[in-house]
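S.K.: Please see the structure below; I have some questions.
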Amino acid sequence: TGTGLKAVAENSSVTEFILEGLTNHQELQIPLFFLFLGFYVVTVVGILSLITLTGLNSHLHTPTYFFLYNLSFIDFCYSTVITPKMLMSFVSTKNVISYAGCMTQLFFFTFFAVSESFILSAMAYDCYVTICNPPVYTATMSPQVCLPILLGVYVMGFARAMAHTACMGRLTFCANNLVDHFRCDILPHLERSCTSTYVNEPVVFVVVGIDIGVPTATIFISYGRSKAFSTCGSHIIAVSLFFGSGAFMYLKPSSLLPMNLGKVSSLFYTIVVPILNPLIYSLRNKDIKIAMKKTLSKKSFS
């Protein structure tokens, strides 16, 4: 993707963007820095703990935890793409990001966000098979099935990231490079384009609509048929926050959504969901609790 991003950068008269950040109120900058730093530390510790437990305990080497392991990995990368740069905005006088850096952030953010939406679908299907067809679960969710599903998840993420970055690369940004957001995102940058965005807007609406609509339908059909809404309620909460805030941001006309509300909506799927996932899948999961006790007891014994 490096060559493509270099070509994208050459297509613009702007060499850098200034991100306004989450708020202009100076008295809130330091408190927000420590707040989101705390969120990020909790997220990273929770995700790495979940990944470590899944890797160290053989009884967790099942399709369910295979997908959970990958969800945790995606959440870690997803959060790391956004949060460190966001934290810098609270303590720097001028939050500048290069054009190439901005397109890189946009690419990887899109890649991991779309990958997350489809890995959640895979987890819902796994939940459906577990409840509805337990006798054939091992055959249905064999490695020969799980690996292609996971490959498809990452291929979808890569394809969408390339599409959005390529569409952004065809635009030219002139003069006003001040972007009213805390990260590089599609809609705020479209407002700063001095060339027509007639191609970009339908692409965003259609592609994001598919990336939200298809996984959401898959998840709710799977849970509905398996009557798993009660047993997988925590998963439903995470899914609703992730897809709901994404739809609120991208599937409404920009004229109806002030950018301040857009930034708040972005916080849910960039900050809140990655911190919730490890908490939901560990604190409400008996297998993870057993694995944690075994791991801690081994360390205490040694």
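Even glycines carry a Cβ here, placed using N, Cα and C.
Quick paste of what TrEMBL says about this protein:
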type	residues	note
DOMAIN	46-223	domain 'G-protein coupled receptors family 1 profile'
TRANSMEM	32-53	transmembrane segment
TRANSMEM	65-84	transmembrane segment
TRANSMEM	96-114	transmembrane segment
TRANSMEM	203-223	transmembrane segment
TRANSMEM	235-252	transmembrane segment
TRANSMEM	264-283	transmembrane segment
S.K.: Mind checking which residues of the chain, 6+ beyond the ends of the transmembrane segment (32-53), have their Cβ under 8 Å from one of its Cβ atoms?
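M.R.: Same-chain residues near the transmembrane segment (32-53) but 6 or more away: 22-23, 60, 68-69, 72-73, 75-76, 79-80, 83-84, 86-87, 90-91, 271, 274-275, 277-279, 281-282, 288, 291-292, 295.
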S.K.: State the residues, same chain only, that lie 6 or more residues beyond the ends of the transmembrane segment (235-252) and have a CB under 8 A from a CB inside it; answer 'none' if no residue qualifies.
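M.R.: Contacts with the transmembrane segment (235-252): 113, 116-117, 120, 123-124, 127, 186-187, 204-205, 208-209, 212, 215-216, 219, 223, 229, 262, 265-266, 268-269, 272-273, 276-277, 280.
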S.K.: Please give the average pLDDT for the domain 'G-protein coupled receptors family 1 profile' (46-223) in this predicted model.
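M.R.: Computed over the domain 'G-protein coupled receptors family 1 profile' (46-223), the mean pLDDT is 88 on the 0 to 100 scale.
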